[in-house]
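Enquirer: Pulled from TrEMBL, these are the listed features:
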ACT_SITE  S138  active site, nucleophile
ACT_SITE  D308  active site, charge relay system
ACT_SITE  H341  active site, charge relay system
DOMAIN    16-63  domain 'Partial AB-hydrolase lipase'
Amino acid sequence: MLTLLMGTISRYDGIFQVTTEDGYILGLQRIPSGRSSNNSTSQKLPVLLQHGLTMDAAAWLINPPDQALAFILADKGFDVWLANARGTQASRGHQSLSTNDPTYWEWTWDQLATYDLPAFYNYVNNQTGQKVHYVGHSLGTLSVLAALSQQKLSNTLRSAALLSPVAYLGQITTMLGKISAQSHSADGLYASGIREYPPQGVAGQNLETFLCSQPGVDCSNFMAAVTGPNCCITPTSSNLIFQHIPQSTSTKNMVHLSEMIRRGTITMFDYNFPAINMQHYNQLTPPVYNMASIPKDVPLFLGYGGRDALSDVNDVKALLNDLSDHDKDKLVEQYVEEYAHMDFIMGGNANQKVYDPLLTFFGQH
């Protein structure tokens with residue numbers, strides 16, 4: 001389906017394979033030119049798009065070309081690259097492991113920040129010879145924030161746009177997410193040996209039945225139950241995305257995110273036993289990602305919505321508080337009161353509400 005969606009643009013370069021330092025082979029798509037722009041990429045600025053949790057690069061291509069960010073950027077003369085996180089359909093390769101091997105799934109977003117994102121950046125930088133603009137959605141913002149807080153990417157990053165930014169998760173309002181975290185459902189799956197998420201078969205059915213039967217949870221509109229009441233997504237786009245999701249992530253990743261929801265912190269994965277944490281981190285507790293350590297001169301664009309149940313306004317404000325010393329001319333906020341989580345990548349009017357200001361931001365950097 002991703003290849004079919006890519007076919008709606010005039011030139012598509014296929015799938016590139018990018019190998020991470022820990023052996024994962026990731027799929028990277030490219031749209032080097034738009035419908036009417038010239039095919040030469042020598043003077044074009046590259047933009048890397050990174051999707052969110054249980055999605056893949058198709059998320060940027062669901063809407064019609066005049067409403068989908070990847071196509072809009074290509075038509076505006078950017079060299080567009082679309083990343084696919086490990087575990088998704090285009091990124092299930094490994095130098096020595098199969099997806100049937102439990103060890104393949106022993107990772108969380110820590111590894112996306114440490115390995116996947118730098119690998120994508122370095123590949124695009126090597127191919128184009130230029131620093132890279134970045135657009136992340138949801139989990140795709142957490143990985144870049146974590147990397148930047150550890151002083152990674154500085155040699156290859158031009159700017160970073162964060163749509164529905166995720167850093168803190170302690171104040172999410174989605175009951176589905178809260179109950180999943182508080183019930184330790186991902187921990188239970190992991191303990192039972194299920195490493196790929198969402199689980200298939202009986203385990204998946206049992207999880208859905210349990211979560212959707214809880215008070216305050218309405219799964220009749222599953223997207224709204226997870227992400228908040230999106231205002232501006234057409235039925236056509238909604239139906240199309242559900243033909244392509246969920247994409248796989250690791251159960252361990254879900255355990256990590258659940259830790260963040262319960263604790264309201266941003267740390268590396270907690271093994272919950274000091275001795276095991278010591279083996280991994282040389283300290284008894286997992287290291288903290290300090291958002292205030294992000295270099296103050298990195299151009300950042302934050303787009304967030306008033307109805308977002310995953311990237312809650314109060315959690316975003318906590319992130320902005322961490323960034324209070326950031327260079328004022330390098331930090332742009334775009335708040336859209338009526339937007340929920342998915343409106344930022346699928347809203348029919350996002351081209352005016354979000355992408356026009358984003359293009360202006362790119363033009364300034």
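The backbone N, Cα and C atoms fix where each Cβ goes, and this holds for glycine too.
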Enquirer: Between D308 (active site, charge relay system) and H341 (active site, charge relay system), how far is it from one CA atom to the other, in Å?
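Expert: Cα of D308 (active site, charge relay system) to Cα of H341 (active site, charge relay system) measures 5 Å after rounding.
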Enquirer: What whole-number Å value do you get for the CA-CA distance of the residue listed as 'active site, nucleophile' and H341 (active site, charge relay system)?
Expert: 8
Enquirer: For the domain 'Partial AB-hydrolase lipase' (16-63), DSSP counts of helix, strand and coil?
Expert: 4 helix, 18 strand, 26 coil
Enquirer: Give me the count of other Cβ atoms within 10 A of the Cβ belonging to S138 (active site, nucleophile).
Expert: 26
Enquirer: Have a look around D308 (active site, charge relay system) and count the other CB atoms within 10 A of its CB, chains all included.
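Expert: Around D308 (active site, charge relay system), other Cβ atoms within 10 Å: 29.
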